[in-house]
Amino acid sequence: MTTEPNPSPDPNSNEEFSSEEEPLLITDEMLTDHPERGRADFESGMSSFPPLTLILIASNIAVFVWQINTGSLLSKNAIIASGALERSHLFRGELWRLFSPMFLHGSLDHLIGNCFALYVLGIACEHALGFRQFGIVYFFSGFCGSLLSVIVQPGPSVGASGAIFGLMAFIVVFLYKYQKSFFIRDHRIGFVIAAWGLFTIVFGFLTPYIDNFAHIGGAIGGTIAILFQKPFLLTKVHRS
């Protein structure tokens, strides 16, 4: 077996030889434009400080401080007096109780859990909806949660989780409904949110003192809301 020597480069050739290749510049288009060409990046321009979400969180904290100072956490009657959802009071004409429980909480861990979930979901939902529409979806979901809760059980019930479940349902349906308009960098987001919601509902049926019907009602409200709201972000994409 013989080996042929490597041909030496032709001195008359125009080909240039370099010991180092030019580095390849990775652009945003290379990362996001293919195979998702034609779809907008859902996370582009998303703020970590959504204004209405932060206002709602601050309001929940302020109301909880008020609850502590007024002793509304000390007994069932005290928390009803502070504005909890309760059927007999609602039938007396106190319709404001369909909304007031969204700002009341039964304990510190209840408050922290809801505020954390509100912040995470609020970032995505307020980005998609804008300030005004986000407020409509949030309070409509909370209203639906309170309505189903008071139909099924007498109460009392407090917490923002009905409205939060509405946001959860909204963003899952939104990402599915408009999947041809937006692309999501991590396709597991919708699955994780839906799985978390399902786990919370199942866990709620196994644990006393959790108002699962407020959760379910809120999720129904958030699903209904997407049918009647044209998301602000979708309008921006179509304009651009």
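Backbone N, Cα and C atoms are what each Cβ position is placed from, and that goes for glycine too.
If you look up TrEMBL, you'll see 1-23 marked as region 'Disordered'.
Summarising the annotation, TrEMBL assigns compositional bias 'Pro residues' to 1-10.
Distant neighbours of the transmembrane segment (49-68): 79, 82, 103-105, 108, 111, 114-115, 118-119, 122-123, 126-127, 131, 134-135, 138, 160; these residues of the same chain sit at least 6 beyond its ends, with a Cβ under 8 Å from one of its Cβ atoms. Per TrEMBL, the feature transmembrane segment maps to 49-68 (among others).
The feature domain 'Peptidase S54 rhomboid' is assigned by TrEMBL to 93-227.
Beyond the ends of the transmembrane segment (102-122), by six or more residues, the same chain brings 50, 52-54, 56-57, 59-61, 63-64, 67, 72-73, 79, 82-84, 134, 139, 142, 146, 158-164, 167-168, 171, 193, 209 to within a C-beta distance below 8 angstroms of the stretch. The transmembrane segment feature in TrEMBL is assigned to 102-122 (among others).
Sequence annotations record features per position, and here TrEMBL assigns transmembrane segment to 134-152 (among others).
What TrEMBL records for 158-176 (among others) is transmembrane segment.
For 188-207 (among others), the entry in TrEMBL reads transmembrane segment.
For the transmembrane segment (213-234), the list of distant contacts is 42, 127-130, 133, 136-137, 140-149, 151-153, 157, 159, 161-170, 173-174, 177-178, 181-182, 197, 200-201, 204: same-chain residues at least six beyond its ends, Cβ to Cβ under 8 Å. According to TrEMBL, the feature transmembrane segment maps to 213-234 (among others).
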Q. In the domain 'Peptidase S54 rhomboid' (93-227), how many residues does DSSP call helix, how many strand, and how many coil?
A. 105 helix, 3 strand, 27 coil
